[in-house]
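Pulled from Swiss-Prot, these are the features on record:
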COMPBIAS  207-230  compositional bias 'Polar residues'
REGION    201-241  region 'Disordered'
TRANSMEM  41-61  transmembrane segment
TRANSMEM  78-98  transmembrane segment
TRANSMEM  265-285  transmembrane segment
TRANSMEM  307-327  transmembrane segment
TRANSMEM  340-360  transmembrane segment
TRANSMEM  388-408  transmembrane segment
TRANSMEM  420-440  transmembrane segment
TRANSMEM  452-472  transmembrane segment
TRANSMEM  475-495  transmembrane segment
TRANSMEM  513-535  transmembrane segment
TRANSMEM  541-561  transmembrane segment
Amino acid sequence: MSSTKQWDISKALTVATLFYFFHNVGKFCLMPFLTLYFRQLGLGAPLVGIIFGFKHAVHLLWAPLCSFLAKNHHKQRFFIMTSLLLSAGVGSLFAYYPPLDKNIVSLFCNTSMPWKEQLNPPIDISVSVDENLNTTYAAPTDHQTTTGALNTLPSSVGKLATDPAMTSLDLEITTHQRFTDQFPVTSNTILEHQTKNVLGSGKAQKVMSSKSAASNSKQRSSLNNHTSPYATHPNVSHHPSIHERKVRDIGIDFTDNSLDPQHKIFLIVLVLVIIWEILAAPLEWIADDSLYEYLDFVDATDRHGKLWIWGYLGASMGSIFITFLVDNLNCFVIYDIPRVFFHFFCYGGFLIGTLFLSTLYPIHVSKKTEHSNKTVKALGFLGSDGRIVLTALTVFLLGAVGSTTQNFLFWQMQDVGSSELYMGLSIAVGLLSELTLYFFRNKLLKIFTFKWMVALGLFSLGVQCLYYSFLWAPWSVLAIQILNAFSSGVIWWAINSQVVDLASPGTERSLQLALRWLAYGCGSSTGSFASGFIISRFSLAVLYQACCITLLLWIIIFLLVQPKLPNTKKINYSRLLAADNSDMSDSDEEQDRDWLVTAMKDENSNRNW
């Protein structure tokens, strides 16, 4: 007797649910906070933007190609397990190389402490004040480096420098510190950063002593000869690159003057990130495709659309867990390990846990090649229909603007003295608000038409960007994150709904994946490249305001163009396969709910006889 293989759908979905959950816990322990690590390395906004731009570009090109190769050679499980193992290893490598400077880690860590503790930073800072109330700060001389995270306070007046000849002076400040959003590069081996005295602010603390006056009389002429290219705002500080120094021991010969240390650090990080993304990018794409094919084989694809919920729950839990852990650690734990490295350790740990689940992950080896044909057909369909073209441009803009939030929002929060816990909570609030609104999705789709749902989503994102440019306190970001339900949820529900109406039978999912690929690949890559240079030229606030204006202009264009495009729905007969037998009734009430009858009515109403 030949035994028939049993398909345990419940077990398969349970394993897939745990896989999605733990993978997203690990992913959100690190990925949203990677930008803070790059900032502690001393990389300026343009360099960070380039790194993220290449990261998205690699994902854009490599993930679908690797998925195709895995499917062709029936090696999906091998690719999934290899991706988990190697990406965990390469990600954890950042905790050891390139090394962080302890002084800089201390100063960035210092902003997360209560304000009273911020007054006593863990390193010695030399301070001098001249007769014009220009205050100068200097880092210890034994490291020969600037403290790039030293802050210009809202009430501070004066100049920031690193001259070792300056004398120490007690400094009493009653306002919290703020961090920079720009890292200008100079050619000095020991950098100086000066800020103009803001007279008449009413908040300046006058610090004078006979010792500082004597010291500054000797330093005044040399300091006045060095002017900063940046004029400081009372609420924004600008700092030099924290890696602009004589020597940085990272195993590279720094005697070569063709590149300054900051750019050498940048090249090392860029190469590591590209390798990391090559290893990590195929994971989600291959896992999602494999699970969908498995459920398609057992006629249970309707249950595939709910698994993202567990991914969101895992992401929310991961972001809160890691930030709560990091905020409750000292700046340096055992063996002087900076607490920021725990992001990498937790990322690697959860991915290793997910690796064990991948051995049971449901995968169906199909010999059909129609999947690749559907993907090619979906990509070709992007340019064949005016409505899809307009939708593609919209999601491209959505990805470009969204990347600015992912890359630099935490910089803006850090500038107002936010701890990492508020950052983690902001992620969780955004995801959970979207998840909550999902249960009212069908009602929204009935109330609003496609164009108004897209306009609502774009408008919500524009309001968020404008709000980000005026953050005044660490907690202030939490309220606006509720709009993520509209800027990320509603707009994609509307787009997916339209794709179902427009796509040819069997290509709906492929077209939806193509649009997300366009948004989070092309759009995010372009937005990352551009946003870093905008921040360098202007500021973070200007970047978010520009994003808001761009979104409002696109809303107007979208509302004007979309109604003029042909609006004839295609009858998707493949949907009849999913119809329940109870829908085949001959009663008038059941006929009204019959999908084919409804589609025929819609088609007749769109004809002009």
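From the backbone N, Cα and C atoms, a Cβ is placed for every residue, glycine too.
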Contact yes or no, the transmembrane segment (452-472) and the transmembrane segment (388-408), 3+ Cβ pairs under 8 Å, gap 6+: yes
Distal contacts, the transmembrane segment (541-561) - CB-CB under 8 A, six or more residues away: 390, 394, 397, 401, 404, 408, 412, 451, 454-455, 458-459, 461-463, 465-466, 468-470, 531, 534-535
Stretch among 78-98, 307-327, 340-360, 388-408 sharing the most Cβ pairs under 8 Å with the transmembrane segment (265-285): 78-98
Contact between the transmembrane segment (420-440) and the transmembrane segment (78-98) (at least 3 Cβ pairs under 8 Å, separation 6+): no
When counting Cβ pairs under 8 Å to the transmembrane segment (307-327), the leader among 41-61, 340-360, 513-535: 340-360
Segment-segment contact (the transmembrane segment (513-535); the transmembrane segment (41-61)) at 3 or more Cβ pairs under 8 Å: yes
Recorded stretches the transmembrane segment (41-61) and the transmembrane segment (340-360) touching, at least 3 CB pairs under 8 Å: no
Long-range Cβ neighbours of the transmembrane segment (388-408) (under 8 Å; 6 or more residues past either end): 32, 35, 45, 48-49, 52, 56, 181, 381-382, 454, 457-458, 461, 464-465, 468, 488, 491, 495, 498-499, 502, 511, 515-516, 518-528, 530-532, 535, 540, 543-544, 547, 550-551, 554, 558, 561-562, 565
Beyond the flanks of the transmembrane segment (340-360) by at least 6 residues, Cβ under 8 Å: 15, 18-19, 22-23, 25-27, 29-31, 33-34, 36-37, 40, 77, 80-81, 84-85, 87-89, 91-92, 94-95, 100, 105, 108-109, 318, 321-322, 325-326, 329
